[in-house]
Amino acid sequence: MNEPRKTFLHVDMDAFFASVEQRDHPELRGKPVVVGAPPDQRGVVAAASYEARKYGIHSAMPSRTAKQKCPHAIFVSHNMGNYKEASRQIMRIFESYTPIVQPLSIDEAFLDVTGARRLFGDGPTIAEKIRRDIREQTQLTASVGVAPNMFLAKIASDMDKPDGLTVVPFEQEAIEAFLAPLPIARMWGVGKVTQKKLLSLGLNTIGKLQQCDPKQLESAIGSRAANGFIRLAHGIDERGIVGEVDEKSISNEITFKEDIADRPTIEATYKRLMDKVGTRLRKAGFFATTVHLKIRWSDFSTITRQTRFPVPCSDDTSLREAGMQLLEEHLRHRPVRLIGFGVSGLTETEEPQTRQLNLFETPDTALQKKRSRLSQTTDSVREKYGKNSLKRASDLP
Ligand SMILES: [Mg+2]
């Protein structure tokens with residue numbers, strides 16, 4: 001749990017399209033399956049099952065070539081709707097662990113699980129939970145890489161395919177040893193031309209690149225590229241997932257079946273939304289600096305109002321206090337069509353940004369910590385015994 005730095009996962013489905021076909025058509029299981037154009041037409045392979053890959057078939061290969069390599073391969077045309085549905089399921093699983101997800105394609109994504117470790121366990125534990133959820137919910141397998149950065153996670157997910165989990169060490173020396181034996185083609189961003197140049201310098205593994213003379217490399221491929229590749233060869237990659245934490249928000253809203261003017265009904269619904277958002281926020285391991293209220297009136301006019309916390313919070317009590325205050329200020333005696341609650345300005349710590357200036361804990365942050373612990377207990381009870389197992393005394397009729 002006390003891993004230093006960040007933890008990223010790269011999750012990649014195994015032979016995705018072909019696996020979906022084998023799942024949906026049991027007669028295809030264990031057989032060399034090629035998804036793509038039929039071999040008598042011009043067109044290429046979109047995906048090949050592992051049984052087909054043994055014959056040297058891979059995606060983007062002309063279907064005719066694939067047929068030559070494996071005459072008994074079974075060609076099926078793609079069913080994009082099924083793949084998209086499986087993809088949606090997988091992405092939803094990712095989002096149940098962290099809001100910071102960067103899909104790379106229909107069947108792979110980067111996940112920043114740094115904040116999620118507090119609630120779900122360390123990186124490898126989260127990876128196993130995600131692999132289990134995918135298996136149970138889609139009957140498909142995924143391979144996952146766990147690493148301190150995206151470059152390493154992407155390399156790792158490919159190391160033990162299919163159905164594999166590879167954890168990259170977190171210590172610098174071990175990272176370099178992990179990368180050293182890999183062929184240069186595994187480096188991200190090394191195209192055919194660059195690869196040729198590197199090979200001509202005798203740099204055929206990442207390890208050779210780690211030890212190369214930077215000057216020599218610079219003169220071959222330019223200083224910018226040389227610098228970048230040398231850093232990656234040492235496992236250094238400081239990119240984060242685009243649109244990270246501060247642009248993220250978590251919200252829930254409900255449209256009533258018919259417009260509601262009854263205040264207790266509106267309040268009860270709103271309280272449930274606040275608790276839902278609070279649980280999601282804590283699951284993601286974040287603290288919020290701002291809370292939002294959204295009301296759509298029966299005439300479709302809509303207001304959104306927000307308020308900021310003095311220090312980032314994630315506990316139910318603080319969220320409710322701020323949320324109820326907003327509602328009291330802005331709810332009118334008119335029928336409501338939709339009500340929503342959200343949080344934004346998410347941070348990974350509950351320390352205010354100016355925290356390093358505060359030598360002593362203020363009473364406010366002490367109270368905050370107590371409330372945080374209470375909410376975490378509430379969440380684990382709800383998870384175990386169901387959403388409605390715990391009610392606040394103030395909610396009871
Ligand atoms: Mg894949």
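Glycine too: its Cβ is placed from the backbone N, Cα and C atoms.
Positions annotated as domain 'UmuC' by TrEMBL: 8-191.
Under DSSP, Asp107 (Mg(2+) binding site) is assigned to coil, being neither helix nor strand in the three-state scheme. The Mg(2+) binding site annotation in TrEMBL covers Asp12, Asp107.
The 10 Å shell around the Cβ of Glu108 (active site) contains 19 further Cβ atoms across the protein chains shown. Sequence annotations record features per position, and here TrEMBL assigns active site to Glu108.
The feature region 'Disordered' is assigned by TrEMBL to 366-397.
Asp12 (Mg(2+) binding site) falls within a strand segment according to DSSP. Within 10 Å of the C-beta of Asp107 (Mg(2+) binding site) there are 23 other C-beta atoms, taking all protein chains into account. Restricting the average to the domain 'UmuC' (8-191) gives a pLDDT of 94. Counted within 10 Å of its Cβ, the other Cβ atoms near Asp12 (Mg(2+) binding site) come to 22, all protein chains included.
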